[in-house]
Amino acid sequence: MLTRLLSGDTPRSSLLTVLLLIVLVSLAFAPFLFPGTKSLETAARICIFIVLVASYDLLLGYAGIVSFAHTMFFGIGAYGTSLALSATGASYWSLLWGTAAGAVVAAVFALAIGLFSLRVKAIFFAMVTLAVASAFAVLVSQMSWLTGGEDGLNYKIPRELTPAFKLVKDKVFDVRINGKLLAYYLVFFASAILFLVMLRIVNSPFGRTLKAVRDNAFRAEAIGYRVVWYRTAATVLSAVMAALAGSLLAIWLRYTGPATTLSMEIMIDILLMVVIGGMGTLYGAVLGATLFILAQTYLQNLMGVAAEATEAVPLLSSLVAPERWLLWLGVLFVLSVYFFPAGIVGRLREGARGR
Amino acid sequence: MSEQAIKPRIEKIPLSEQVFRKLPIFLVPLLALAGLIAIGNPASWLTLTVAGLAMGMMVFIMASGLTVVFGLMDVINFGHGAFVTVGAFVGFTVLAWVAGWTASPSVLLNLAAVLVAILAAMLVTGLLGYAFERVIVMPVYGDHLKQILVTMGGLIVAQQMIHVVWGPDEMHLSRPEALQGSVVLGEAAIEKYRLVAVGIGLALFLAMRHVLKKTKIGLLVRAGVENGEMVEALGYRIRRLFLLVFMTGSALAGLGGVMWGLYQETITAHMGSDIMVLVFIVVIIGGLGSVEGCFIGALLVGLLANYTAFLAPKVALISTIALMVAILMWRPQGLYPVVKAK
């Protein structure tokens with residue numbers, strides 16, 4: 001049953017299993033284990049980014065395609081949901097059709113970009129997506145009559161998902177059972193389902209073909225697979241998944257703006273999460289996203305302490321300043337591409353096999 | 001028998017094919033003409049055209065290194081933007097040191113200050129290019145996926161280091177006295193600096209063409225672009241050649257950074273990654289690896305960006321994307337596809 005749920009792709013390392021279980025249990029009971037607004041925000045962010053990073057891994061790790069437009073699809077999903085909610089009122093119906101519309105638009109965009117640039121050379125794709133994504137971000141911030149420009153959109157979501165709605169009068173384990181909690185569980189279960197769907201996709205014959213295309217496109221073509229078709233299909237699938245993750249973010253934050261969905265910084269974050277977690281395995285996305293967001297939220301405090309401690313040394317203190325945490329992640333990123341291209345998960349699995 | 005020397009057979013290219021290959025050259029005047037018709041007013045057209053050419057030349061300076069590096073070694077450097085930024089910051093720092101020169105009314109001292117700044121920037125970015133090639137790029141030859149990832153990582157680290165060295169704020173600096181103000185030509189006012197930028201860009205393009213077509217190093221580079229293994233088999237160390245080209249490309253990016261910084265008069269740590277979008281579009285339009293294509297692509301992008309910024313400011317960046325799409329529809333490999341003998 002469990003193996004079936006995981007589509008036969010078990011963690012294959014006891015340490016990895018333990019880590020994944022810790023992540024799963026912590027996320028599933030986050031509101032009770034770590035009470036407080038900040039930790040709940042962090043937990044929801046982790047859920048959403050696990051889906052987003054896994055969908056990017058579908059493209060980078062399984063199909064071997066580098067795209068810089070992933071935040072564009074993420075943003076299309078978020079803006080789809082938020083535009084529908086602000087245009088047609090806070091009903092579940094507008095929430096649903098907005099999400100669906102966002103996913104469809106993302107799919108069409110991905111199909112167009114894929115057919116256009118994957119046809120020629122895979123390296124074109126990275127450059128074309130970089131250009132298209134930045135143009136899209138500029139367009140969104142300029143069309144302020146529709147998207148609210150740089151300020152973004154604030155909107156209402158159905159009342160049952162807001163803190164004002166009380167499900168149970170009394171506290172359960174010292175936690176208020178309100179709409180925010182419902183919204184968290186909506187995000188959690190939606191993320192879990194999307195993750196399992198992706199696990200199913202990569203372990204299907206389609207996923208195996210994708211890996212064949214990644215490892216030797218020429219040979220795959222010779223055997224009779226349409227390489228362009230498979231690459232484009234992977235692009236479209238990952239774009240739809242990213243758009244759905246964007247919709248979840250829009251529901252959770254009740255706000256959508258360029259800085260939270262479309263910025264290049266988020267694109268770089270996703271890249272770092274995939275590579276550090278492990279390319280070519282979806283569990284890498286889980287570990288990468290969790291570690292990265294925890295680091296983003298809590299490591300900066302630690303670096304602040306380190307910066308204060310080394311205040312006397314001029315250059316060193318600015319190197320460990322909290323704002324510079326991306327520097328160290330960048331170094332870690334380069335090192336992991338060289339030495340552990342399979343990331344944390346790859347190391348763990350290798351260790352398990354060696355024993 | 002010995003009289004009959006074996007004549008090399010040179011394939012004659014039919015005239016229609018020759019014309020077809022040369023077609024992209026006419027795109028630039030064609031676009032300028034279209035701009036004149038759309039704008040209507042010759043004076044503002046002239047101002048915009050010079051601005052567009054200046055912008056195109058600066059983008060060309062930054063893009064040329066990238067495209068040759070790709071042609072020669074199949075390496076695409078996503079961290080190229082870091083050299084642009086570092087060049088701009090070094091140049092501005094030097095210009096701030098010699099503030100006495102830049103403020104003096106003497107044109108010679110002004111130009112000397114700019115020259116010193118440019119040389120310092122090119123030196124630093126050239127050395128940085130050496131380090132980048134050795135540390136970041138060399139271990140991942142031949143693997144596009146890792147190249148993109150690793151050079152992107154290098155870009156992140158370089159950007160953060162700029163924050164560490166120069167602080168988080170943007171830098172402002174006004175141009176030297178001699179480069180301020182504009183020349184009035186009839187009704188059109190043309191900024192002096194833009195004319196200088198066009199001059200430098202044109203000189204650089206001609207110099208680059210000369211080096212590539214007339215010198216031995218240029219011959220080796222062109223041969224390496226077409227068939228690297230054969231050049232190696234003939235006893236030349238293509239790695240060393242590549243390192244040289246990489247350093248030159250980085251130094252040119254630094255030069256472009258100083259010029260772009262002086263053009264905008266404000267520089268930020270992420271200016272390099274912002275301008276890389278334009279650089280990539282230019283490189284794709286021109287055809288990966290082709291210097292001539294890169295030049296024409298840069299001019300097209302510069303002109304189009306300035307015309308649309310005047311006619312319809314909202315679609316300025318979209319217009320360059322549309323140009324890229326249109327050109328790739330016409331020629332999927334870019335304007336001047338580089339023929340590889342592989």
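Glycine residues also receive a Cβ, built from the backbone N, Cα and C atoms like all the rest.
All TrEMBL annotations are machine predictions without curation.
The following features are taken from TrEMBL:
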type	residues	note
TRANSMEM	A:15-34	transmembrane segment
TRANSMEM	A:95-116	transmembrane segment
TRANSMEM	A:122-140	transmembrane segment
TRANSMEM	A:181-202	transmembrane segment
TRANSMEM	A:228-255	transmembrane segment
TRANSMEM	A:267-295	transmembrane segment
TRANSMEM	A:325-345	transmembrane segment
Take a look at A:15-34, A:95-116, A:181-202, A:228-255, A:267-295 and tell me which one has the most Cβ pairs under 8 Å to the transmembrane segment (A:122-140).
A:95-116
Going along the chain, which residues at least six beyond the ends of the transmembrane segment (A:228-255) come within the CB cut-off of under 8 Å?
44, 47-49, 51-52, 54-56, 58-59, 62-63, 65, 67, 70, 73-82, 85, 95, 98-99, 102-103, 105-107, 109-111, 113-115, 118-119, 122, 152-157, 161-162, 183-184, 186-187, 190-191, 194, 198, 201, 206, 209-210, 213, 220, 261
Positions on the same chain near the transmembrane segment (A:95-116), where near means CB under 8 A and six or more residues out:
69, 72-73, 76-85, 125, 128-129, 132, 157-158, 228, 231-232, 235-236, 238-240, 242-244, 246-247, 251
Sort out the residues at least 6 away from either end of the transmembrane segment (A:267-295), same chain, that have Cβ-Cβ distances under 8 Å to it, and list them.
9, 11, 16, 19-20, 23, 42, 45-46, 49-50, 52-54, 56-58, 60-62, 68, 70-71, 133, 195, 198-199, 202, 211, 325-326, 329-330, 332-333, 336-337, 341-347, 349
